[in-house]
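Visitor: Below is the structure I would like to discuss, written out as structure tokens.
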């Protein structure tokens with residue numbers, strides 16, 4: 001091998017090493033900034049919600065885009081304010097009552113199970129947790145700081161979402177420009193489909209949350225569980241995190257019901273299980289028939305994986321992130337790499353049945 005060839009091989013080797021080091025450095029930076037990526041994704045969710053409300057205004061009332069976003073924001077604030085005006089005082093009172101009832105409910109339940117094998121096991125676990133109480137108290141300032149940081153991040157996400165919603169095309173086209181010209185059309189199509197899938201999922205999930213919360217509150221009030229409205233609100237909000245959320249949200253209701261006696265506990269358990277089955281087999285298939293269907297096992301392990309990697313925010317955003325990733329995998333890997341356009345078509349939001357945008361399109365699709 002000549003000296004010139006040897007120098008060429010050495011230079012090529014150095015370039016490859018530098019490229020690998022660059023990839024490693026960028027990966028480390030991306031992991032370091034994971035909280036920023038979640039914040040950006042939160043802003044995207046806010047933008048998608050605002051666009052879902054504003055699109056009918058743009059189409060039917062011919063309102064300019066920036067004005068429609070502001071009107072959508074006003075509509076959402078007015079809706080939340082109206083709901084709080086009519087139900088806020090009652091929910092607030094029931095949440096306060098629920099908070100006060102929990103210790104007494106636990107004491108009554110403890111008396112009922114005292115002396116049983118279950119009671120012995122529970123007492124052992126309580127003693128174990130009691131040893132760690134001091135550690136939890138010492139962490140109170142840190143927890144308070146994290147709560148404040150979360151509220152600050154929420155404000156940033158809302159403000160960022162407003163700006164994203166006003167000019168989504170500009171930000172999308174800016175991302176598309178980073179790709180080679182031959183891939184820009186596909187990139188734009190993938191971003192559009194991901195955004196539409198996320199929008200349809202959010203609308204479907206909001207509809208499901210309202211139904212689950214309402215049914216739970218009505219059922220618990222019928223069987224005589226106290227603070228049924230507050231418990232229904234908790235169940236509805238927890239529905240945003242599928243599978244895990246409903247299981248966790250059932251805890252306070254079952255605890256209160258158990259303190260009232262075995263019959264009330266069994267009725268409350270039947271309500272939670274019944275609403276869960278109704279949601280899984282009727283409500284979700286009905287409201288998500290225009291959304292890419294993600295297998296339940298995938299959703300479950302996605303929540304666990306994102307929670308392990310990203311913490312509480314990962315659990316919160318696990319399902320919408322999975323919706324986007326699932327859409328991209330079907331579109332890019334299945335459709336392009338495996339050359340299976342029929343299977344990849346599942347990634348495309350089913351909006352062909354109706355041309356109506358946003359919320360109106362979603363509600364119109366429910367009738368089909």
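Just so it is clear, glycine is given a Cβ too, placed from its N, Cα and C backbone atoms.
Automatic prediction, not curation, is the source of TrEMBL annotations.
Under the heading transmembrane segment, TrEMBL lists 12-31, 36-54, 66-87, 147-166, 201-222, 229-248, 254-275, 287-309.
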Visitor: Check the transmembrane segment (147-166) against the transmembrane segment (36-54) for contact, please; criterion is three or more CB pairs under 8 Å, pairs 6 or more apart in sequence.
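Guide: The answer is yes, given that the two segments have at least 3 Cβ pairs within the 8 Å cut-off.
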Visitor: For the transmembrane segment (36-54), what are the same-chain contacts with Cβ under 8 Å, counting residues 6+ beyond its ends?
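Guide: Same-chain residues near the transmembrane segment (36-54) but 6 or more away: 30, 63, 65, 68-69, 71-73, 75-76, 153-154, 156-158, 160-162, 164-165, 168, 195, 198-199, 202-203, 310, 313-314, 317, 320-321, 358-359, 362.
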Visitor: What residues in the same chain, six or more past the boundaries of the transmembrane segment (66-87), come closer than 8 Å to it by Cβ-Cβ distance?
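Guide: Long-range Cβ neighbours of the transmembrane segment (66-87): 49-51, 53-55, 57-58, 162, 165-166, 229.
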